[in-house]
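Taken verbatim from Swiss-Prot:
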| type | residues | note |
| --- | --- | --- |
| BINDING | Thr158, Lys184, Thr195, Glu285, Asn408, Ser413 | substrate binding site |
| ACT_SITE | Thr195 | active site, nucleophile |
Amino acid sequence: MSASVSPLAPKHYPAMPVIHGVRIATAAAGIKYKGRTDLMLMVFDRPAEAAGVFTRSLCPSAPVDFCRRNLVHGKARAVVVNSGNANAFTGLKGREATQATAEAAAKAIGCATTDIFLASTGVIGEPLDAGKFSHLLGDMAESATEDFWTEAAKAIMTTDTYPKVATETVLLGQVPVTINGIAKGAGMIAPDMATMLSFVVTDAPIKADALQSLLSKGVGSTFNSVTVDSDTSTSDTLMLFATGTAAERGAPEITDAADKRLADFKKALGRVLKSLALQVVRDGEGARKMVEVEVTGAKSAASAKKIALSIANSPLVKTAVAGEDANWGRVVMAVGKAGEPADRDRLAIWFGDIRVAHQGERDPAYSEDATSAYMEGEDIRIRVDLGIGRGKATVWTCDLTKEYVAINGDYRS
């Protein structure tokens, strides 16, 4: 957790409503950080429906492997998250640490280890000593409360400068249901199937298979469309849980993601996921500017997204944004190197509402002064139209500053 809060941090945080059936506790275990919480326990009073997406890294952490195995059962009684150590690339010791943590949590809750989900975030390659915190889980289970969402978000932070929370309330049938989410992430952000760590809970009575479909579809335009540094973590975990307690108030049980009664819920879930994903980008390590990259006129949506990510991940584009330099030539470069269909002589580029390039050359009306003034803002929009199709995509990133280098150069110090 950084000593100074990102200038892109939210000015206000939402009041996080209670979701019946889930309670949360945090603790300071001293895993890496001193003087702050670094352990979070989420308890479901009754088995909750569970869905998840995880990193596609071929070097996944021990907790990711553990979660994948347990997700087959589709039920959850608890989630344990530690920060300061990723428990990744830790071999047998890592697997033993996950098992010890799961057994301690299962004992504290009174359930099987197959109902436990785990996540760890922090340094890769250092063995995790579960003995530092497993003994705390019993007291945490007893003291857990329904209104600890923001504190939970703080406990899972690493180099984050602020907690990331989001909430939505929407009607399912005629009954209000709530969706709450927390996330962490500031570096090693280029998710592929998930984000760094994010946990979303609803009281809607939605079965696991339907939840999984909703989540898998929802990540495409949210968490899978953000990047800070193009590095996909070994620990990426995004989980969605449903306590189902809204059924007690008359909410209908949903078993199929195609159920038309889910229309408003899907939109609300999308807003929660997008809010959390963009908060991660806005807290990118050392970030001073948020960047939206929109690509239109591509051969396909998939092609548009690859080109958008080529722009968003380009160190030259990102440093130009950091330096408030209207260097649109670097955008041309990033389009050209993406390996996707493009026609130089049909290409158009905008910074904000200012068209800077058109039909293979600088726009005749280009104004360096106007474009440079635009680059001084905190929120930068780069739009590219390829003019060869109807495919479109939007991704989000941040600038690349000297602070990013300093943070990561000193990460293990």
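Placed from the backbone N, Cα and C atoms, the Cβ positions cover glycine too.
Feature map: annotations from Swiss-Prot on the structure.
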{"residue": "Thr158", "record": "substrate binding site", "CB count, 10 Å": "25"}
{"residue": "Lys184", "record": "substrate binding site", "CB count, 10 Å": "30"}
{"residue": "Glu285", "record": "substrate binding site", "CB count, 10 Å": "27"}
{"residue": "Asn408", "record": "substrate binding site", "CB count, 10 Å": "16"}
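DSSP assigns Lys184 (substrate binding site) to a strand in the three-state reduction. Following the DSSP three-state reduction, the secondary structure of Asn408 (substrate binding site) is helix.
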